[in-house]
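Enquirer: Take this structure, written in structure tokens, and hold onto it; I'll ask about it next.
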Amino acid sequence: MVTVRKRTLKVLTLLVLFIFLTSFFLNYSHTTVATTWFPKQMVVELSENFKKFMKYAHRPCTCARCVGQQRVSSWFDERFNRSMQPLLTAQNALLEEDTYSWWLRLQREKQPNNLNDTIKELFQVVPGNVDPLLEKKSGGCRRCAVVGNSGNLRESWYGPQIDGHDFVLRMNKAPTAGFEADVGSKTTHHLVYPESFRELGENVSMVLVPFKTTDLEWVVSATTTGTISHTYVPVPAKIKVKKNKILIYHPAFIKYVFDNWLQGHGRYPSTGILSVIFSLHICDEVNLYGFGADSKGNWHHYWENNPSAGAFRKTGVHDGDFESNVTATLASINKIRIFKGR
Ligand SMILES: *[C@@H]1O[C@H](CO)[C@@H](O)[C@H](O)[C@H]1NC(C)=O
Ligand SMILES: *[C@@H]1O[C@H](CO)[C@@H](O)[C@H](O)[C@H]1NC(C)=O
Ligand SMILES: *[C@@H]1O[C@H](CO)[C@@H](O)[C@H](O)[C@H]1NC(C)=O
Ligand SMILES: *[C@@H]1O[C@H](CO)[C@@H](O)[C@H](O)[C@H]1NC(C)=O
């Protein structure tokens, strides 16, 4: 009996190994089948395939649930594109023609300067390679808090919970000083555009979201000569943020959020939804704070005392309802968690 079992086990093991190897070759090789099985060549091809395999294999993530995991929800898989790069670098800066013309229309900029020249200038000032912090470490579980600016954070006492995350992303004018108990004090990344800029803490990475060519020129200007002080409103001529702490949100990623996630709703995505989708790509676990209205239905910022200050929601530029539906759906399939505050 024992030997029979042992033999069955052996056969099974071999079978599993065979299936694994076959599927490995079928998935990761388009050439092996046709070529001769010459040992030396096989070794070379095996190592090539192994390299390919490592490149495409899912980055290991040790969270109980990993946000980028596919085949959990077809709704998610239809929208999420792992290959999209969230940040602009010197290597991926060339925009496709339709992306560029879409992006140019966002702010109806008159006579923009040449984008190639602007980007070249930009990367002479800010680093052209990706923030090492953003490259996922192999293994581990990167937990991110995306903190919106809703009044529902008031008296939420979320501060310590928010600060407990590896990354804390904030956006636009959001202050922390004076609101630490509710919103926390830690920030690793702050998403802004020139008109929404606020001075940031020493070690905070500024993620500039460019909606027009001038925004990229402003980064250069604001960290050097200070010549740009006005876009469609006054903007800070000089900023204290260190050049090596500046990252640029990729214009093609803005279009990806608009096309894949918002399915063309609104004129273009808000900083809020841009932060959420950004985090899906750089984090393993995503928790949202300060999104949506407060319990009384008011849409104001947590640092404002005017509960009716929700006019920004009705500007027609962003489709707030559709964006909320996207985050609510992400939560309903357990990709993210939304902490609703008060
Ligand atoms: C995903 O993004 C890559 C890189 O931009 C693109 O080449 C590819 O076509 C996209 N895939 C889908 C299914 O849209
Ligand atoms: C930028 O350069 C690329 C390739 O050199 C070119 O195809 C494209 O038209 C240029 N874009 C602009 C806005 O000048
Ligand atoms: C910024 O980072 C440096 C080096 O890690 C550290 O010594 C310093 O305390 C940090 N400053 C703040 C304000 O967190
Ligand atoms: C999102 O909108 C769709 C279509 O209107 C609706 O069926 C769905 O219930 C909404 N999802 C959530 C989570 O609100």
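Just so you know, glycine gets a Cβ as well, placed from its N, Cα and C.
Among the features that TrEMBL reports, substrate binding site is placed at Q107, N149, N172, Y232, Y268, G272, G292, H301, H318. Marked as disulfide bond by TrEMBL: C144-C283.
A description of the local structural setting of each listed feature is requested, covering burial, neighbours and distances.
Expert: In this structure, N172 (substrate binding site) belongs to neither helix nor strand by DSSP; it is coil.
For the recorded site, C283 (disulfide bond), the DSSP three-state label reads coil.
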Enquirer: For Q107 (substrate binding site), write down the residues of its own chain that are at least 6 apart in sequence and whose Cβ falls under 8 Å from its Cβ; none is a fine answer.
Expert: F211, K212
Enquirer: Across the listed substrate-binding residues, Q107, N149, N172, Y232, Y268, G272, G292, H301, H318, what is the farthest Cα to Cα distance, given in whole Å?
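Expert: Taking every pair of listed residues, the largest Cα separation comes to 27 Å.
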Enquirer: Do any residues at least six apart in sequence from C144 (disulfide bond), in the same chain, have a Cβ closer than 8 Å to its Cβ, and if so which, in order?
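Expert: In sequence order, the residues whose Cβ lies under 8 Å from that of C144 (disulfide bond) (at least 6 apart) are H165, D166, F167, V168, L169, S279, I282, C283, E285, V286, N287.
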